[in-house]
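*Asks:* What Swiss-Prot records for this protein is below:
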type	residues	note
ACT_SITE	D12	active site, proton acceptor
ACT_SITE	D132	active site, proton donor
Amino acid sequence: MFPSFEVIPAVDMQDGQVVQLVGGERGTETEYGDPVAAAQRWVDAGAETLHLVDLDGAFEGERANADAVEAVLEATDVSVQLGGGIRTVDDADSLLSMGVDRVILGTAAVENPDIVGEINDRHPGSVVVSLDAKDGEVVVSGWTESTGLDPAEAAARYEAEGAGGVLFTDVDVEGQLSGVRADEIARVVDAVDIPVIASGGVSTLSDIEALKDAGAAATVVGTALYEGEFTLEEAAAVV
């Protein structure tokens, strides 16, 4: 999935605009403009993968930024992974046929673990399971409902179901530029043999190095890039 450690820019979409949330909570968003412009900016800066999230889909359960997603796919030629509102095999089929390379399942995987294997059987290697952790437990439905699941145990479970990778988001530090908690990532990495993508809290180049040292295969970075804490080129240089 990732031949070497990769820094992946986030393009989180709400109401057709790029936003970043603080702690995964609605109403805390800062807007950063047009998704296509943002995506092109990161591709021009050297991004090999884009991380797209339909936040309306994550919160409401139905994808609401399809036009923006399609526009990004048409405007760029890099790998794209997409999450938010993917609830069925048909949803995944549609996105993968549209040109998305990997679909990210969160709520759907918790509610119906079999969906991971069903999609993987049809599209091998295309499923990443999103484990969003808040107060040490996996949360779903736009980070509003706790499942009681331990992230490391859940990661191992979804690997057995056929997941090709895990996206671990530390919601407690998401969007806050407060630094990463590499020990939380290391717990998940140690539980599985598939790639683990780390997300949440990256604020410095040292954070990126810490995630790499913890065993993550890649990290998704949003607010730090949009706020100019460092450039994508600088991030690539340290890994």
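Quick reminder: no glycine exception, Cβ is built from N, Cα and C everywhere.
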*Asks:* I'm trying to understand the geometry here, so how far is the Cα atom of D12 (active site, proton acceptor) from the Cα atom of the residue listed as 'active site, proton donor', in Å to the nearest whole number?
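*Replies:* Between the alpha carbons of D12 (active site, proton acceptor) and the residue listed as 'active site, proton donor' there are 15 Å.
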*Asks:* When DSSP states are folded down to helix, strand and coil, where does D132 (active site, proton donor) land?
*Replies:* strand
*Asks:* Other than its own, how many Cβ atoms are within 10 Å of the Cβ belonging to D12 (active site, proton acceptor)?
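*Replies:* Excluding its own Cβ, D12 (active site, proton acceptor) sees 27 Cβ atoms within 10 Å.
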